[in-house]
Amino acid sequence: MLLTLEGLDGSGKTTAWEALREAYPEAVFTREPTGSWYGEAVSRSMRDDGADPLAELFLFTADHADHLSRVVRPALADGNLVVSDRYSDSRFAYQAAALAESYLAGGRDPLEYIREIHEAFSHPPDRTIYLDVDPEVAAERAGATNKFERVEYLSRVAENYERLIEAEPDRFVRVDATQPLPAVREAVIDHVEEFVAES
Ligand SMILES: Nc1ncnc2c1ncn2[C@@H]1O[C@H](COP(=O)(O)OP(=O)(O)OP(=O)(O)O)[C@@H](O)[C@H]1O
Ligand SMILES: Cc1cn([C@H]2C[C@H](O)[C@@H](COP(=O)(O)O)O2)c(=O)[nH]c1=O
């Protein structure tokens, strides 16, 4: 089973991922952007305020393709539970927000365009936990360490996540990530126990 953790910057994904790592030591824990050279290219692009948003989309997507073939598909083929801190929904939410200000021919919807690119090769998550905080909390917790961690941009990202949740309500579960950390941790672990029991 492929389980992904999604949410705005600072929503607590990595904290939840670490709690799950303690609870499921036998599972495979991974993340996007990855630590590969593709992931390093992504980090370089994120540090560039003038990076072309379409070029940046394809850097993130290249990192995803490598992640799939090197980590995710082999781990799933071996029957593992795979837990990824960010995955394809991050592209749908973040790069669609960046492309909205940019250019796509024929008035195409950026989010749909990015989904179509992924449909051709990706492996969709089985379940996704959405750690829900508002953009103000997210920006404050994240500390504006990269160009995405600003309230105005994160508001558009949050709207895109809402579209994704609305389109696939059975895949997503929403956790109120403004709760104190122990309550968030407990909610995440309870959901994963349910997913594992159902699978
Ligand atoms: N429920 C919570 N209440 C208060 N602070 C929290 C909570 N969850 C996480 N934090 C704090 O917010 C900060 C960001 O948490 P974390 O790194 O887990 O988020 P993230 O979603 O992985 O962020 P990013 O996407 O920026 O990597 C950390 O300082 C963490 O301790
Ligand atoms: C996978 C992915 C990530 N991002 C953005 C979201 C964050 O601002 C940074 C780094 O992620 P982290 O969890 O804070 O380490 O990258 C993105 O825009 N698109 C993506 O596909």
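Residue positions begin at 1 at the first shown residue.
Using N, Cα and C of the backbone, Cβ positions are placed for all residues, glycine too.
According to TrEMBL, the features are:
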- G7, L8, D9, G10, S11, G12, K13, T14: ATP binding site (BINDING)
- 5-187: domain 'Thymidylate kinase-like' (DOMAIN)
Worksheet item: If you skip the near sequence neighbours and keep only those at least six away, which residues in the chain come within under 8 angstroms of S11 (ATP binding site), Cβ to Cβ?
Response: L131, D132, V133, A138, R141, A177
Worksheet item: What count of other C-beta atoms do you get within 10 angstroms of the C-beta of L8 (ATP binding site), across all chains shown?
Response: 29
Item to complete: Taking the recorded ATP site as G7, L8, D9, G10, S11, G12, K13, T14, identify the other residues of that chain whose CB atom sits within 8 Å of the mean position of the site's CB atoms, giving them in sequence order.
Response: L131, V133, A138, R141, A142, A177
Worksheet item: Looking only at DSSP and grouping its letters into three states, which state does G10 (ATP binding site) belong to?
Response: coil
Practice prompt. Mind running the binding-site residues G7, L8, G10, S11, G12 against ligand 2 and keeping the ones whose CB falls under 6 Å of it?
Written response: none
Worksheet entry | Neighbourhood of K13 (ATP binding site) by C-beta distance under 8 A, where only residues 6 or more apart in the same chain count | L5, E6, G7, D85, R86, L131
